[in-house]
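Trainee: Annotation comment: TrEMBL describes 64-86 as transmembrane segment. Annotated domain 'PA' per TrEMBL: 226-291, in sequence order. Annotation comment: TrEMBL describes 398-481 as domain 'Peptidase M28'.
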Amino acid sequence: MTTHSTQCSSATLCHSLSDDDEMGGAQGVELRLVTSEEDETEAGPISDVTALVLRHRHGYRRAGMLLCACGVIVFTAAFLLAYGVLSGRYHCSQLGDQDEEQQRGGANSLAGGGAGLYLGELRVMMRRLLQDEDIHNTVSRVSRAPHPPGSSEGTALASEILHRFQQLQMDHTWTESLYATLQFPDRTQRSSLRLVDSAGLILEQISLNLSDFCPYSATGTTMGGVVYANYGRQADFNWLKSAGVSVTGCVVVMRVGGGVSFAEKVWLAERNGAGGVLIYPDPADLPQDPRRLGLNTHTAVSEHVHLGSGDPFTPGFPSFNHTQFPPIQSSGLPFIPALPITATIAAKLLSQLSGASCPPSWRGRLPYVRCVVGPELNAGRRVQLSVHNKMMPILLNNIFSSLEGRVEPDQYIILGAQRDSLGPGAVKSGVGTAILLELARTFSVMVKNGFNPRRSLLFVSWDAGEFGNVGATEWLEVGEPINRLSTGDDVLSAYTSPLLVDLLEAAIRQVEHPKHAGQTIYSQAEREGGSWRIVKPLYLNSGAYSFTAFAGVPAMELRFTERAYPFVNTPLDSASRLQEVLGGRLGVTGRSVGELVGEMVLRLAHDHILPLRITSYAQTVLQFSAQLNRHSAELQSRGLSPQWVFSARGDYSRAAEMLQRAIDYSDLHDPTTARFYNTRIMKVEYYFLSQYVSAVETPFRHVIHGRGNHTLSALTEHLGLLTSDPKRFDERRFRRQLALFTWTLQGAANALNGDVWRVHNAHSH
């Protein structure tokens with residue numbers, strides 16, 4: 001897809017645990033995930049996961065464990081599939097003889113409840129019922145005007161969606177409301193950008209668009225020189241440091257994209273000592289040619305800058321009913337002001353810079369701009385940046401509608417979409433909402449025509465997605481599962497936890513490509529170099545990342561792309577522009593995305609055993625063990641032994657393989673057996689969340705996909721210092737990192753073993 005950040009929708013599967021299963025307050029989510037917008041892979045375990053997923057291709061409440069697949073399209077919408085087992089209770093009396101499906105839900109297996117409809121027949125019914133025109137009409141309606149949370153337009157749209165759910169005669173339809181702290185531009189004091197002389201006297205007031213802002217920016221004024229930092233990645237700041245260019249106290253100008261979200265850009269700039277941040281869309285990244293469809297040079301791209309998700313003033317716990325909480329602030333809120341600017345303003349500033357020349361790869365396409373990094377401006381000028389935003393409590397509304405499962409109603413699949421948008425939001429909210437409503441209509445008709453879903457289906461319209469998945473995250477923080485998904489047009493990419501590769505591959509083998517008639521998505525991918533190219537590691541700025549890295553939910557983000565769609569997060573994200581970019585195929589493309597999501601819903605609602613590859617992480621840890629082994633002599637000379645990691649890795653690998661063999665040789669028609677194994681499968685991702693760090697201070701607790709000193713990536717980076725910079729190697733810190741990772745890995749192994757008499761901790765006494 002393009003390099004700009006996008007909202008994604010997701011399909012999530014959730015499993016709720018009993019109180020005894022819950023692990024030390026692991027239910028709080030305050031993050032807004034991962035982004036990097038990677039093409040884009042980070043070092044360490046992220047690279048390991050990339051290799052892992054490629055190798056695999058070849059070779060009502062208290063939900064504790066979630067499983068989610070999230071997807072994005074060229075126009076980023078939001079969707080989610082989720083699966084949950086409530087309170088860990090067995091409802092075997094409801095299963096009994098009704099459980100006549102085959103283990104993997106093949107085309108000849110009966111659909112849930114033994115209603116006489118085969119999975120293949122359900123696919124045909126679903127494809128016949130999905131309507132292109134309804135999707136196009138809904139996108140147009142949703143994106144007719146900006147509809148931010150709390151606005152009259154947003155409230156009217158929420159009422160319309162509630163009414164449409166009620167018209168479908170679902171089993172249950174309801175709303176849940178909550179107050180959350182959001183940030184908007186201050187109406188009494190405008191943000192400003194000025195050029196000043198060496199004495200601080202104003203030389204020029206630069207005109208800004210009043211609607212352009214970064215939600216959750218710090219407020220205040222900063223003044224200093226200007227440094228150009230390319231995309232604002234850590235590697236970019238490292239280059240500046242190596243070139244002797246200090247950003248301390250300066251206003252850093254960065255380009256949109258580069259595999260990093262706005263939140264990451266601001267966080268990295270702050271960590272390197274910057275006084276403020278300006279972010280602009282460069283024509284090299286987002287088309288701005290007036291002769292074709294693209295941004296104009298007077299349009300900025302906006303995005304929130306909270307390095308987390310949910311209400312940043314109730315991190316890790318919910319904010320329902322406007323309850324008063326202790327004054328806790330998310331560690332992901334920035335302390336420096338940030339503002340989005342247009343390409344025209346960026347050219348004005350960067351054309352006045354002097355200093356060292358930038359690397360060739362940093363050169364954008366701004367007219368009349370010579371690529372230098374600063375920090376000096378002509379004639380001793382400086383920049384004064386003032387940001388004036390205001391925090392305010394806003395009433396949010398999440399809307400729910402459900403179809404009850406006929407066999408296991410306490411298990412459910414969730415499909416959700418972001419509803420709000422600061423702009424028209426054809427991609428940000430229109431597409432996801434349209435597909436959500438169309439799938440709700442389709443499945444409700446299927447039920448009336450004989451489909452008896454084994455598990456319940458829950459359709460959700462989330463509020464405040466623009467501010468970091470606030471509505472969805474707050475719902476999750478009360479112990480419930482969530483997420484989002486969306487679509488594009490030509491090339492499919494799946495940013496995923498390795499556990500979900502099998503589910504994805506089965507789905508793309510069934511769905512026709514939206515642009516290539518007669519070809520499935522899988523067959524077209526094989527023609528274009530291999531379907532393995534579809535699979536990529538998770539990245540930070542997606543709802544999928546937060547589910548995996550924070551909540552321990554296997555997550556997937558899907559992207560269909562053809563050409564750059566530069567209007568996301570701008571006032572130009574309209575249905576007409578989206579239709580033009582897609583060559584008039586908006587409805588057709590939306591229908592294909594709906595079919596892909598629907599195919600996964602059918603599988604999740606139908607299969608006896610969840611289609612997750614539980615052995616996947618064993619290979620990731622094996623790769624790290626090999627790195628440790630190469631440094632074994634040096635570590636032992638420092639009194640550090642990697643033996644505990646080797647032992648824990650072996651325990652995990654054996655436990656995963658034993659569980660998989662037990663599943664393969666079990667009678668999965670027995671409802672108690674199937675339920676027993678599904679409960680353990682759902683814990684795999686969850687137990688990779690470190691229980692030894694705070695969810696408030698370190699929200700991304702997953703040791704493979706997360707962020708922080710407890711993660712495998714941090715451990716790998718620190719280990720590399722033994723050869724690259726031995727003086728910086730900190731034995732005490734490394735010992736702690738190694739212990740945290742080992743304990744978490746051993747806990748995952750013990751959880752997979754299940755029975756206490758199968759648990760053998762070689763390092764215990």
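Any Cβ shown, glycine's included, is placed from N, Cα and C.
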Trainee: Summarise the model confidence on the domain 'Peptidase M28' (398-481) as a single mean pLDDT, whole number.
Mentor: 87
Trainee: Just to be sure I understand, if DSSP states are collapsed into helix, strand and coil, how many residues of the domain 'PA' (226-291) fall in each?
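Mentor: Tallied per class, the domain 'PA' (226-291) gives 19 helix, 13 strand, 34 coil.
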Trainee: Would you list the DSSP helix, strand and coil counts for the residues of the domain 'Peptidase M28' (398-481)?
Mentor: 34 helix, 26 strand, 24 coil
